[in-house]
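Straight from Swiss-Prot, the features:
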REGION    1-78  region 'Disordered'
COMPBIAS  15-58  compositional bias 'Basic residues'
MOTIF     126-152  motif 'Q motif'
DOMAIN    155-327  domain 'Helicase ATP-binding'
BINDING   Ala168, Glu169, Thr170, Gly171, Ser172, Gly173, Lys174, Thr175  ATP binding site
MOTIF     274-277  motif 'DEAD box'
DOMAIN    356-502  domain 'Helicase C-terminal'
Amino acid sequence: MGKRDRTEDDEVVTKKVKLDKKDKKEKKEKKDKKDKKDKKDKKDKKDKKEKKEKKEKKEKKEEVSDEEEVAEEKPKMTYTASANTIKSSGEYTQCDDLTNVSQSTIDNYFKEHTITIEGEQMRPTMEFSHVTLDPRITKVLTKFPRPTPIQAVSWPYLLAGKDMVGVAETGSGKTFTFAVPALEHVLSTSGGKGVRVLVVSPTRELAMQIYDNIKELCDVVGLHAVCVYGGVPKEQQRSDLKRASFVIATPGRLCDLIDEGSCDLSKVSYLVLDEADRMLEKGFEEDIKKIIGSTRPTGRQTVMFSATWPPEVRKLAEGFMKTPTKVMIGERDELAANKRITQSVEVLDPRAKEGRLLDLLRQYANDDFKILIFALYKKEATRVENTLTRRGYGVAAIHGDLSQQQRTKALDEFKKGEKNILLATDVAARGLDIPNVKLVINLTFPLTVEDYVHRIGRTGRAGKTGQAITLFTEHEKHLSGALINVLRGADQPVPDELLKFGGHTKKKEHGAYGAFFKDVDMTKKAKKITFD
């Protein structure tokens, strides 16, 4: 090897050494840079955590401050056995008249009306003399003989500012149950201008009905109420909201007004969810959560009413109510029909339904006899309405194809007796308080037995008796077992023709679909399935 070759080798080695040194240096710099970055990230994370903890501590402090402010605004309720006076401070105590009622009388009242209370026990205000309200409100109530069971049991809790869940049949006087304490709440506390009471309802018709009842009370005490629902222009509603203390609303329209900044609910301290189970059925859960989130987070009294008490309603209540008292009138955990309603089911050929309907109308229709007919589909309702009108019957109709103005007019005509027959789809099946409906006719059976119970609940309201006639065909035979259960549960006769479709059902639960019924032939043995 020559000198030149050795020199080249040395240069290569030297170059390699330099490259190695450079690589090591770059790696070291890279490592140092990474360590520095990790150290910075760690510090930032720590600072962020400390900042978050500081913020939470501050918010907690503000929350306590808010609660103290609310406590000053509305002192803590007290419960004694000496008086039932609603004082200007918002205090509730039990009156002497109620204290003097014997315990056996109270026990008999609970037994007679199948009343169950989960939570603190308070005596029911069975007579108007058992509760002292604003004289102007008392004057409105004098047109009624006495509080209904749900009112008698609920008023002590609601007047005391407690959260409450009420589970009772439709037509039990729920509106005044929450409206009377709501008025006392507003009158006895200082909250300034703005919406103080919010009632959320699943349908336009029910919202308007609640509004009509509440407006009567608001007018006598000088408070302003507004009804907010879809299907009509927003302009008037926006204007009315500016001076409203009470808002009765459907979820969809209310959320629209919240989004556009036309409805401020930050001062709402009395919140009512009426027909909570129906709102969940209609898919309003997210809207409800949004609405609740728009009200004041502390110092809010929350009231929920539901015709049934399924798991999804319980879960909703647990999410935003503070240890509510649960009041149940009747056996409500399982689907049950009002026992004051005489139910009869006729099994017939689908083509014979309209002929049978005409027979029933010839038998029952007169000027003093209000009849509510339920159809399943809008087109069916329109066709039957035209048929009955041609036959000379005075028929009003409400269904989804009609405008809000047309539906309101139809309901008014029926309520006032201008027309004695109301034809409806299930839009009117829940919550509507139509006085003195003597007969409900199910021309077409609904999609669920739950809807059947709510349909027939339009009669037999407020302690009165009623009648329901259902035309049942083989198209609905998959619901026969569940219907039989309802009939038997209400001590009603079950026709042999219905039993032929199948007399037993098993109630199943599915995570996605909820509770449903499956037809089962109990005479057959279960099949054993094996897999290879």
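The backbone N, Cα and C atoms fix where each Cβ goes, and this holds for glycine too.
The structure displayed is predicted, hence computed values, not measured ones.
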Thr175 (ATP binding site) - helix vs strand vs coil (DSSP): helix
DSSP-derived helix, strand and coil totals, residue by residue, for the motif 'Q motif' (126-152): 14 helix, 1 strand, 12 coil
Cβ neighbour count (within 10 Å, all chains shown) around Glu169 (ATP binding site): 22
